[in-house]
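S.K.: There's a structure below that I have some questions on.
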Amino acid sequence: MRFLDAGETHGKALIAIIEGFPAHVKIDIENINHLLQLRQRGYGRGKRMEIEKDRVKILSGVRNSFTTGAPITLMIENRDYENWRSFMDATQCDVDTKKVTVPRPGHADLAGCLKYEFDDARNVLERASARETAIRVAVGAVCEELLKMFGIKLYNHVVEIGRVRLTKSYSFDDTELFEQALSSSDLFCIDKEAEMKMKEEIDIAKQIGDSVGGIAEVICKNVPYGIGSHVHWDRKLDAQIAHSVMSIQSVKGVEIGMGFEAARRFGSEVHDEIYYDDKKGFYRKTNNAGGIEGGISNGMDIVVRAAFKPIPTLYKPLKSVDIRTFQPAEAAVERSDICAVPAGSIVMRAAIAYVLANALIERLGGDSAKTMLETFKRIYNKG
């Protein structure tokens, strides 16, 4: 399975085509729209979220709510396009009024202009914008519909904003806690006290014209053993997850399980001891590996965290240089968020769902979900 997406932040629409998705998967379009709505939420989001009300349109590959095995085409229209039509029309438009010649530090602006020989960063930022993640969330939501058939569920929450960390202890089995945070917390945080301090951190950044990043976590439940492989570098499940998550705008680090903390411990404190029970089979009492060993899922929860850097658009701009005159200038200011970590956790969830679905298709054979279920039952003695 693979997908390609296209579209600009102020273009007509965002499009994705998913190829190789199995037939006979029931698609509930409202589940997709629900995740799109969650992506738009979050304390610290910008004015753009007041304009866009993202809803997906399925243009192909699904009939009577079931996938057919044909390429699935998804589209999310950009409402803001009407305000930008005269600047973004594909045939003829005003390219001068919205021209951006002072790149923002931390954004793709300068590197993109140098690579593609542009004198206008608009041609870079329109595609590099995190607006693109809306369609990636839709793709991930479709993949979650497949994963649900095998009992696999994903949960996301925010564990850190700026200098404020979640201190409340929790278990990866606290799924109701994660679900409550999605429905009731502006930051998808399971700890109300920490959430209040996180909001204060965002408020401080807003007051001084700055931005703030953070860390999000995704827990994948009921992933069977044997997904991914050790035999080649590009088939390792953890490598694929890291690749997918690192491709999200603003992500600067990914860790699985204990992650970077493992580098500070002795091996005896890190590796999960193996036990066996006639009823449970092989099991562990700890999950420092985060559900993956040697690039293969081991049957434990897969736990992934990502570090999101602060958004590079600052309302108190940093120093930069005008690419036309080469003279010092303040960085360009585009409409932007102060903090997008909660939204980033939804995108992260989608990125991981895609990897898991693809690995599951490879493991079980992916032309038909019916055949996949039969193979799943045979391998894992389910049902």
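Cβ from N, Cα, C; glycine included.
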S.K.: Among R163, R264, R265, R335, which residue shares the FMN site with R127, A128, S129, Q249, S250, G294, K309, P310, I311, P312, T313 according to Swiss-Prot?
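M.R.: According to Swiss-Prot, the candidate sharing the FMN site with R127, A128, S129, Q249, S250, G294, K309, P310, I311, P312, T313 is R335.
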S.K.: Select one residue from R39, R45, R127, K309: among these binding-site residues, choose the one with the most other Cβ atoms within 10 Å of its Cβ.
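M.R.: Result of the Cβ crowding comparison: R39.
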S.K.: Across the record's FMN-binding residues R127, A128, S129, Q249, S250, G294, K309, P310, I311, P312, T313, R335, the largest CA-CA distance in angstrom?
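M.R.: Farthest Cα pair among residues binding FMN: 43 Å.
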